[in-house]
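Visitor: Handing you this structure, nothing more for now.
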């Protein structure tokens, strides 16, 4: 523990954000409300977060000089994506507090480290094995009953970098099709629902989990998050407790998304953690309107070393991502009194691109 | 009615804001959420709104070239203060839609025009007379029973530019003390409470008034706004209806603050309109947390020509301005789960300077 690790920001200080997409933009908007400045670092000149931030740096994430200049101008650093290169994080962490810390990044960037960390922390995960060759894959599949998902250890997202194996022929050349990179094999989980928990943990160790969201994906991209999830209240409490336990085990500071599967056997509901995202999370966008303190504000508070706010929820809600031309419906959405529109200011509408989201609110069902 | 007057913005378009203080800042934050860009025009290099806006122009309000360049880069223009010079508004209005329109500015900049407009529209106001000399003042005071408030017609704010006359000696040299400028004499109103209504009116003529706030001033600066005001529901409905009527009579587009006095005679409650502010208003900051759609978002929607949102309120609330060193309590405020902190990012704390505000929320009393 050194003084930099403990550093707290003051109003008027500057948060540096790596990544200039919609998540960085929403962090910056939340920071602005609290009187903090943001400085966004992103290689893409057309970054949506630039438009709502005091300062920007357009440079590559491995541009050491630009990183050092950036660190010199900010009071703490955070990031909106988990694939921040380790060296980038190390350079910045030597100069300024980086929150969440580099450990959260290194654990979550590698599926093997992530799963191993979770299992060691007593968190329920699917069985998994490290796979470094086609032979290892074939051997492991024997132990997994011939079924499983083989995933690259790094840089997978939105269903990319993984192959589902339901029969022996699915496994053929799988290691080569994934590019001869380190992978893991995970047991197939027959789940009833996908759920997630957004948890915030402050510099003082306080952890606050939001209510559980139930997520629906389309083409491997999140389509909707509905809160509350249609699960038992004891299961929901357990999901939140698991998320808080993970944050504690990592000594985490900031907001984290924890993706889980709900597995049912008869009346029994069981939770399996799928993955963690060391950042604000798409499945937490509902907090912007259904709670007084959004995940973005919680993240800003944590990164600043400030007290967390309440995670209390005041509405039932369904968040719907506006993907590609979904966003063309903005005018109708604005006309609906129960709908809260969020647009990201992206210049170009492309298929599969997240352009915004809408939170549809309902009174809390007693 | 021409096509510029009717112009509607699209997501990604730019709103130009004259004035870079906290009101401009909060407009920009609301615009950011809706995917709009802001370009702030302000002579002060240290303007809080710059930090959350895509573009800025640092220039004087009478710099015609800078105004024309600014107009060329934005899709509509609004402002955060009512003393925008008429010529500035005219230059901009010749190039881009200015919302609220120049008429709202000219009416509200001159207390005589304002009071005359209100009286002609059938809105209850205190008796008043135009005063252009000490002789006229002395004469008028005779008709007003020797009592009244003499106010400069232009540029008064926070109690500046006015003299209270309760006895003949108060009137002595009043005209000269106010600088030999055109003034008006208003009858003294013995009021029980100060209240205000924030009303939004869209390009399509829809008007939406928020609930009535009860305001407390200290040293002529707003200290708190509490909602609901402690008045009868019929009186509250009347106050909102008056605000909507004023907006309609002006053909107003945007958010307006209407300050009123509540006058009591026995059981009877009567409303007198004191003044209108053609902009988002300090007594409407409570809408940011107690409503889903804040006054800032309503203003952005109106300026963009978009549908207004609901003005429904979900909490009882007291907004407290953080003036000068009040803002030093930011850490305690953040620790209070019922308190929502807003800071303006002003570099220097000065006595009397609005540094932020806090909304203290309570469940709605049935």
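Even glycines carry a Cβ here, placed using N, Cα and C.
Model, not experiment: these values are computed from the prediction.
Found this in TrEMBL, in case it helps:
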- A:111, A:151, A:156-162, A:186-189, A:194, A:217, A:274-275: ATP binding site (BINDING)
- A:115-304: domain 'ATP-grasp' (DOMAIN)
Visitor: Return the count of C-beta atoms lying within 10 angstroms of the C-beta of residue A:160 (ATP binding site), excluding that atom itself.
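Guide: Summing over all protein chains shown, residue A:160 (ATP binding site) has 10 other Cβ atoms within 10 Å.
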Visitor: Can you give me the average pLDDT across the domain 'ATP-grasp' (A:115-304), rounded to a whole number?
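Guide: Here the mean pLDDT over the domain 'ATP-grasp' (A:115-304) amounts to 95.
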Visitor: Give the number of CB atoms, excluding that of residue A:274 (ATP binding site) itself, located within 10 Å of its CB.
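Guide: Other Cβ atoms within 10 Å of residue A:274 (ATP binding site): 20.
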Visitor: Quick check: in three-state DSSP terms, what is residue A:111 (ATP binding site)?
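Guide: The residue in question, residue A:111 (ATP binding site), is helix (DSSP, three-state).
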Visitor: When DSSP is mapped onto helix/strand/coil, what comes out for residue A:189 (ATP binding site)?
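Guide: The residue in question, residue A:189 (ATP binding site), is coil (DSSP, three-state).
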Visitor: Indicate the candidate from A:111, A:186, A:189 with the smallest number of other Cβ atoms within 10 Å of its Cβ, considering only these binding-site residues.
Guide: A:189
